[in-house]
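Asker: A single structure is presented below for examination.
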Amino acid sequence: MESSSSKNVPSNANESCPGVGSDTAGKSDACAGCPNQTVCSSGEAQKEDPAIAEIGEKLKNVKNVILVLSGKGGVGKSTVSTQLALSLAHQDENCNVGLLDIDICGPSVPRMLGLEGQEVHQSNEGWSPVYFEDNLAVMSIGFLLPNKDDAVIWRGPRKNGLIKQFLTDVIWEELDYLIIDTPPGTSDEHISIIQYLKKAPVTGAVIVTTPQEVALSDVRKEINFCKKTETPVLGVVENMSGFVCPNCACQSEIFPPVTGGAAKMCEDMKVQMLGRVPLEPKLLLSCEAGKCFIAQHPDTVTAKAFVEIVGKVKAASKK
Ligand code: ADP
């Protein structure tokens, strides 16, 4: 999608906010009582950050930007981002893939690809990503931390500044896919990311969840956030969906989907179900070893689930 029409809706705005960039910003009925009304009606908020055009220019050689989102941490968002990137690169050596990890509070992509401690080279043009394979380039905030156990506890403006720098300063070659692993939730950081990508070729978002109701209610928020910001939802991945015993191959439910799980929620919210990934000890090992799961264990239920997910993402993408 050319997301130039994305609505800029601050997270603290009223429900039917017309969007900061709209002609009626600060003036519509929905603006009454909104904390942003003064700044919107003054015209200050409508001025576009020059970084938006710069990011659009920087990403003009990218065909598809795919955002990977989750309502909560620990549901497998980085696992899905990493395996999606590895699978796309593995299935077609002519497909150039980038993986950008902007989960600034818990960047796990370097660990999941065995790239911890790698140095990022900086030139006059910007930062060069680290090449995991000829057709898979990776950039993560984790590469810039002096100590892998450093907690990144920066506050809003500094985080946003870093995200902006990541989007403007990384030199990507021509890419078929740029997978962006985002921080969990629907905070101000997400609003910033969507805003910064307003002129970038965003194809859509993949939302990762687990089957329990507590996780699903966050996903509903995530879907509504996408709708509000006019970001297309490519679909939902239900992760840790059952467990296949490695000894007897019998399948059990670890988190019973009391309310019908992601499938029912997708039906209700009219979004596509991309696939179900079971709890799979071998997947954890592949991630720890930085390996592509579908290449290592092609005959497993889990690999088939990933192939289905990748196929649906490809089908929704520009060729
Ligand atoms: P998030 O990015 O949502 O915080 P991660 O992708 O880092 O979550 O996953 C958390 C942990 O759970 C990681 O150690 C990961 O390897 C493991 N994990 C994720 N999904 C699965 C799965 N389907 N089977 C087994 N382990 C998984």
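Cβ atoms are placed via backbone N, Cα and C, with glycine included.
TrEMBL annotations: computationally assigned, not manually curated.
Quantities reported herein were computed from a predicted structural model and do not represent experimental measurements.
Got these off TrEMBL a minute ago, pasting:
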BINDING   CYS17, CYS31, CYS34, CYS40  [4Fe-4S] cluster 1 binding site
BINDING   GLY71, LYS72, GLY73, GLY74, VAL75, GLY76, LYS77, SER78  ATP binding site
BINDING   CYS245, CYS248  [4Fe-4S] cluster 2 binding site
COMPBIAS  1-15  compositional bias 'Polar residues'
REGION    1-27  region 'Disordered'
Asker: For ligand 1, which among the binding-site residues GLY71, GLY74, VAL75, LYS77, CYS245 have a CB under 6 Å from it?
Answerer: GLY74, VAL75, LYS77
Asker: Which of the listed binding-site residues (CYS31, CYS34, CYS245) has the least company, meaning the fewest other Cβ atoms within 10 Å of its Cβ?
Answerer: CYS245
Asker: Out of LYS72, LYS77, which of the binding-site residues has the smallest number of neighbouring Cβ atoms within 10 Å?
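Answerer: Minimum Cβ neighbour count within 10 Å, taken over the binding-site residues LYS72, LYS77, occurs at LYS72.
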Asker: Out of CYS17, CYS40, VAL75, CYS248, which of the binding-site residues is least crowded by other Cβ atoms within 10 Å?
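Answerer: Among the binding-site residues CYS17, CYS40, VAL75, CYS248, the lowest count of other Cβ atoms within 10 Å belongs to CYS248.
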Asker: Using C-alpha positions only, work out which of the binding-site residues GLY71, LYS72, GLY76, CYS248 is nearest to CYS40 ([4Fe-4S] cluster 1 binding site).
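Answerer: Checking each of GLY71, LYS72, GLY76, CYS248 against CYS40 ([4Fe-4S] cluster 1 binding site), the shortest Cα distance is to GLY71.
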Asker: What kind of secondary structure is CYS40 ([4Fe-4S] cluster 1 binding site) part of, going by DSSP in three states?
Answerer: helix
Asker: Around the C-beta of SER78 (ATP binding site), how many further C-beta atoms are within 10 angstroms, looking at every protein chain?
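Answerer: That number is 26.
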Asker: Looking at the binding-site residues listed here (CYS17, CYS31, CYS34, CYS248), whose Cα lies nearest to that of GLY76 (ATP binding site)?
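Answerer: Given the candidates CYS17, CYS31, CYS34, CYS248, the nearest one is CYS248.
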Asker: Return the residues near GLY71 (ATP binding site), defined as same-chain residues 6+ apart in sequence whose C-beta is under 8 angstroms from its C-beta, sorted by sequence, else 'none'.
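Answerer: Spatial neighbours, sequence-distant, of GLY71 (ATP binding site): PRO184, GLY185, THR186, ILE207, THR209, ALA215, SER217, ASP218, VAL219, LYS221, GLU222.
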Asker: I need the CA-to-CA distance for CYS17 ([4Fe-4S] cluster 1 binding site) versus VAL75 (ATP binding site), whole Å please.
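Answerer: CYS17 ([4Fe-4S] cluster 1 binding site) to VAL75 (ATP binding site), Cα-Cα distance: 31 Å.
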